[in-house]
Amino acid sequence: MIWLEKRAAPSRFWTVVTPLLAVALTMLAGGVLFAALGKDPVAAIRTIFWDPLFNAQFASYSRPQLLVKAGPLILIATGLALGFRAGVWNIGAEGQYIVGALCGAGVGLAFYPLEAWYVFPLMVLAGGLGGWAWAMIPALLKTRFRTNEILVSLLLVYVAEQFLASMSLGLMRNPEGGGFPGSRNLQQYPSAANPELISGTGLHWGVVVAFVALIMAYILLHRHILGFQIRLAGQSPRAARFAGVNANRLVVFCLGVSGALAGLAGLFEVSGPAGQVNIDFNQGYGFTAIIVAFLGRLHPVGILFAGLLMALTYIGGELAQFMLQIPAAAIQAFQGMLLFFLLGVDVLTNYRVRIGIRETA
Amino acid sequence: MKLKPVLAGLALALGLAGVAAAADKTKVGFIFVGPIGDGGWTHEHNVARLAVEEKFGDAVETIYQESVPEGADAERVLTQMALSGADLIFSTSFGFMDPTMNVAAKFPDVKFEHATGYKRADNVGTYSARFYEGRAIQGLIAGRMTQTNVVGYIASFPIPEVIRGINSAFIHARKANPDVQFKVIWAYTWFDPAKEADAAAALIEQGADVILQHTDSTAPQAAAEKAGNVITFGQASDMIEYAPRPRVSSIIDNWTPYYIDRVQAVMDGTWTSDDTWHGIREGMVKIGEITDAVPADVKQAALALKDSIASGDYHPFTGPLNKQDGTPWLTEGETADDGTLLGMNFFVEGLAAEIPQ
């Protein structure tokens, strides 16, 4: 007989090993899935995980793209992880990402065609503030009226999408765009552009800020009293209350930081890789970042690796699609498996597997 | 991570790819905005891709990627396709325009064909179809068939392409039935079965007994079938599985002749960048079979309209026509020029709907 025995404390060993195990299981199950579709499973897995990094034909282009794709994921996930640790569930990073991009791009477009050094810094400021303000709505509703921040933040994503559509078609539409939706391309407006900083690396300001945010989050969590409060509130809300932690302040702080970081991610994306405000600007980074945060164990170092891994499955997944004609839906299922297996094997962290006769106490 | 200048890397890879491709097959890439199983827009592009494979056999290799988001992701997919040695890439959605231009600038030896856009370069051509010609025929049938005098229209995005279709359908519905009204819902998507079904249900609730759609899924057809006394038209694809009712006819995008022609041009080395806008006459727009659910006299009128458009005797935008605010647009007998049609951002007089600004 097999049964599970709860551990007194989560196993440190399994905390580190389970993400690797989940990746391995995903490769196995994904291989079976691809084989069932009539594709060579080894070639498929190699195309997804190996070719973007080392294939002579693609790697010089796709390696830098990893940073472009991972940058916003890491930036958003870092903020979300702080909240998740404290038990504050911001599910609406996608909306904060959109509003940050709109505010930042709005500032840039308002200055067009003025060329000045201060345009981009002002856009960054507006982007962060926009995301922060959007996150303050669920924060205030929660602290004042005890509404559920999961629902409010999630539903505000759809409100933000409507704003995005309205802006792309109305206020921010490119007056020289022939009536088509979408703003001016910020990449073509030097003062507002977020270009590649070192040619051929994919490194742009958003990636730099993501790394800085990771380091700050690490220091906050491990060296600062606020980080201790966050961890305490997440592990034992009652103990946190006795220790004098102000729960409302914590909610406002966690939602504010994660909103601001998501807003920054949106700003760096709209002024860099995406280039313009458009109806389809948001591509789900805010939701994927939730997976990244958990895949990374809500730990800054873990998030770094998880973000890069997720980016790898995106870019490798694209390669697998057109090199091997694997359907897009199969790639999405493959990415979904990653989270599924991670949550599944998580049980090993908190429980011990026992085999044998169960002793009655 | 090596800090190799990207352009050197691209040029190197391109050189290698160029050599490899010249040695054997012509490689043709396609990027699609929806899944190839959408039953509409992307489906038809994929049908034409398969026709290219069929026609050229071993001389050609096609690759494709479906459900590519418009924006930064499209640029990466296009770049990776070019790196993989593609000689010609069809980029089949309006939103791929800027990414296509950016990638084309980096790969001067690769030819690009961008659907429905307006930006061109030495190695970027554009193509589209005069779908509004098909919309005129739908409008006529809708105007004659409606009992409630309410026609519902599921629009995607307020861009000239879509606005043109609404105008064309409305003009010809009004000609057939002066009492007809159009209700327009903007779905802000090209393909989202759930949203399209919701839009169809809302229009039916508002009294529409004809549903026209400028979105790609068959969800509105299913919604109409459920409602019973509502008719629809196939969009982009024939959607014949819903015939004879609710689907009474359809506009079919037929890209096959054009794609074969362009692939042949690349093989012969005669490809040049140009702007193609073909209609019913050239066969790029086809009208799906008009079913028996349509009375014989209506069907006859619809086919006569189709013939006169095909022969060039009649232009769907022929004056007298005023803009929605009452300002004159076309005088008696005057026809719209392509420039105005391509940038169309106004409704014609009589339409009660609004273009979101």
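Note: Cβ is positioned from N, Cα and C throughout, glycine not excepted.
What TrEMBL says about this one:
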type	residues	note
TRANSMEM	A:12-37	transmembrane segment
TRANSMEM	A:70-88	transmembrane segment
TRANSMEM	A:95-112	transmembrane segment
TRANSMEM	A:118-141	transmembrane segment
TRANSMEM	A:150-172	transmembrane segment
TRANSMEM	A:203-221	transmembrane segment
TRANSMEM	A:250-268	transmembrane segment
TRANSMEM	A:288-315	transmembrane segment
TRANSMEM	A:322-343	transmembrane segment
Using a Cβ-Cβ cut-off of under 8 Å, list the residues of the same chain that are 6+ residues beyond the ends of the transmembrane segment (A:322-343) and lie near it.
18-19, 21-23, 25-26, 29-30, 33-34, 37, 39-40, 43-44, 47-48, 51, 291, 294-295, 310, 313-314
When counting Cβ pairs under 8 Å to the transmembrane segment (A:118-141), the leader among A:70-88, A:95-112, A:150-172, A:250-268:
A:250-268
Considering only the recorded stretches A:70-88, A:95-112, A:150-172, A:250-268, state which has the highest number of Cβ pairs under 8 Å to the transmembrane segment (A:288-315).
A:70-88
